[in-house]
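Working notes for the structure below.
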Amino acid sequence: MELGWLLWGTAVLLLLHVLMELSPAVNFVLRIGFYCLLCLVSSALAAAACLLVNGGRTVKNMRIIRAFVRTFKYFFDLRFEVKGLENFKLEGPAVIVSNHQSILDMMGLMEVLPDNCVQVAKKELMYMGTVGLIIYLGGVIFINRKSTSSAKMVMAEVAKTMVDDNVKVWVYPEGTRNCTGDLLPFKKGAFHLAVQAQVPVIPVVYSSFTSFYNPKTNLFTSGKIKVEILPPIETKGLTSDDVTDLSDRCFHTMRETLFRLSGRPS
């Protein structure tokens with residue numbers, strides 16, 4: 001009986017391997033499915049560790065979460081080349097802004113995430129099972145993107161908390177995933193936040209994933225991701241009238257860096 005199950009299991013694995021080699025669609029679905037499963041299982045394990053070590057919701061849990069997520073790259077044969085980590089050594093709070101490409105961004109985020117840093121995320125993520133639990137325990141700040149007034153109130157609280165608790169806040173200014181190899185226009189919330197709190201903006205740029213990951217073509221293979229942390233941009237003395245200029249400056253600098261890291265002309 002046990003030999004029969006072993007033979008059946010071996011046959012199924014061989015069949016899946018052949019299908020993955022022959023069909024990009026099957027390969028993509030299986031790799032994404034494994035990624036989602038890995039997220040759920042790791043979140044459950046990390047949540048238990050967070051509760052045992054820190055007792056509840058705190059930014060300190062990000063160290064534990066980071067340790068778990070940093071192992072993911074080995075399962076998918078992804079390599080990170082990071083430049084500019086010294087720019088995170090800035091003392092005091094800051095707003096970190098980066099490009100947002102896909103569900104794989106979590107791996108890139110945790111590869112460089114500094115201590116005492118929390119993310120701003122959409123409220124819907126709270127209801128994603130163990131993933132929602134772990135990001136709640138990590139101190140992630142949730143906003144309701146459908147309510148402008150609610151989002152503004154949350155961001156005002158974030159500005160106060162950032163200064164009072166000396167934490168950095170990570171925001172995706174594009175507002176949604178964008179796997180085109182370019183940037184979407186930036187929303188201004190992150191820059192209002194930085195100006196309101198009078199803290200620097202630190203741009204972070206990840207090279208385009210399109211050479212190894214593209215849902216439209218069912219592409220998901222191994223690859224290398226270049227990450228560059230750019231020098232902080234000061235906001236002291238700036239007012240709300242300067243937010244558009246600050247946003248535009250970050251956009252153009254990050255876009256040029258994205259094209260350079262991705263090996264495409266600007």
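Backbone N, Cα and C atoms are what each Cβ position is placed from, and that goes for glycine too.
Where the annotation comes from TrEMBL, it is an automatic prediction and has not been curated.
Annotation source TrEMBL lists transmembrane segment at 30-53, 125-143. Annotation source TrEMBL lists domain 'Phospholipid/glycerol acyltransferase' at 94-209.
Taken through DSSP, the domain 'Phospholipid/glycerol acyltransferase' (94-209) splits into 49 helix, 23 strand, 44 coil. When pLDDT values are averaged over the domain 'Phospholipid/glycerol acyltransferase' (94-209), the model yields 88.
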